[in-house]
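*Asks:* Sharing a structure here in structure tokens format.
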């Protein structure tokens with residue numbers, strides 16, 4: 001508990017999320033060459049999460065040399081590792097309680113800690129699977145988030161992924177506040193072969209959603225992806241607009257939207273958890289997408305997000321390439337962070353084939 005005193009004595013240097021109205025430049029689409037990496041899917045995941053792995057695993061390993069017992073000093077240092085890795089206070093305390101309960105039992109020496117953590121954290125972030133049901137057609141996914149989180153890029157990559165699975169996709173450019181967002185999504189549509197519905201800059205987003213719904217139905221699309229304006233939960237007009245979009249698409253497609261995914265910037269660590277918690281007060285979110293995890297040591301925030309909020313992470317972004325949006329798998333994530341044996345890594349690659 002000693003490290004908590006240090007945490008609460010620090011000044012708050014957390015980033016403030018960008019305003020929903022903040023202008024952004026059109027992002028260049030990743031080239032095909034950027035998707036080519038050596039090794040398999042799990043090897044790429046492990047490589048791209050190396051900064052988070054260093055923040056957790058390597059620092060835990062550094063506690064071991066010279067230690068033959070798990071004493072209070074060791075436990076305080078272990079607690080500091082988790083807090084520094086942005087796992088979050090509540091989840092860190094839960095992990096530390098588990099460790100303390102098992103000291104002297106399954107945990108006798110510091111070398112026992114890492115395998116224990118890999119197993120227990122894997123259990124903590126493995127949410128029960130939902131019963132398999134036939135997906136609605138079209139399956140409507142509303143993509144929300146603040147500007148700068150990678151929301152529009154994520155929408156484009158999702159289209160690429162679904163089309164690669166043989167699905168027919170319609171994109172709705174309902175982020176009409178930013179001309180750049182409309183242009184960017186149009187580029188993704190051209191590249192992936194998805195049909196796009198777009199209006200001019202400043203148009204009514206619900207009108208875009210309405211036309212996209214009609215287009216998805218007439219084209220017998222499998223998936224309708226709706227990119228919405230970057231918003232903060234505190235902006236009541238934007239939240240009202242989101243409710244209007246939901247009502248419009250729900251009239252023609254009962255039960256839609258079937259999914260609402262919040263895109264979070266993984267580099268913000270605990271800010272991402274706080275942002276998700278705040279959005280949940282106003283929006284029924286069914287999943288999270290964590291982006292930019294390849295460029296941060298704060299990927300430990302995923303552990304706290306899933307554990308505290310009980311909402312699954314659907315995808316994680318681990319690079320700029322179109323193939324670097326990966327479906328989240330708790331077991332693979334934990335193994336990539338804490339390391340696995342070469343033989344286990346081979347089994348992981350076979351699983352992803």
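Our numbering is plain: 1 for the first residue shown, then up by one each step along the chain.
Every residue gets a Cβ built from N, Cα and C, even glycine.
Automated prediction, rather than curation, is the source of TrEMBL annotations.
Per TrEMBL, GTP binding site is recorded for 145-152, 227-231, 291-294. Positions annotated as compositional bias 'Polar residues' by TrEMBL: 10-28. Residues annotated as domain 'SRP54-type proteins GTP-binding' in TrEMBL: 312-325. Among the features that TrEMBL reports, region 'Disordered' is placed at 1-37.
Where in this structure would I find these features, and how exposed are they?
*Replies:* Across the domain 'SRP54-type proteins GTP-binding' (312-325), DSSP classifies residues as 3 helix, 6 strand, 5 coil.
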*Asks:* Where among the binding-site residues 145, 148 do you find the Cβ with the fewest other Cβ atoms within 10 Å?
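*Replies:* It is 148 that, of the binding-site residues 145, 148, has the fewest other Cβ atoms within 10 Å.
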*Asks:* State the mean pLDDT for the domain 'SRP54-type proteins GTP-binding' (312-325).
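*Replies:* A mean pLDDT of 96 is what the predicted model shows over the domain 'SRP54-type proteins GTP-binding' (312-325).
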*Asks:* Validating a neighbour-count step here. Other CB atoms within 10 A of the CB of residue 151 (GTP binding site): how many?
*Replies:* 27
*Asks:* For residue 148 (GTP binding site), what is the secondary structure by DSSP, using just helix, strand and coil?
*Replies:* coil
*Asks:* Using all protein chains in view, find how many other C-beta atoms are within 10 Å of the C-beta of residue 228 (GTP binding site).
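*Replies:* Counting Cβ neighbours of residue 228 (GTP binding site) within 10 Å gives 27.
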*Asks:* Under a three-state reduction of DSSP output, how is residue 231 (GTP binding site) classified: helix, strand, or coil?
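*Replies:* It is coil.
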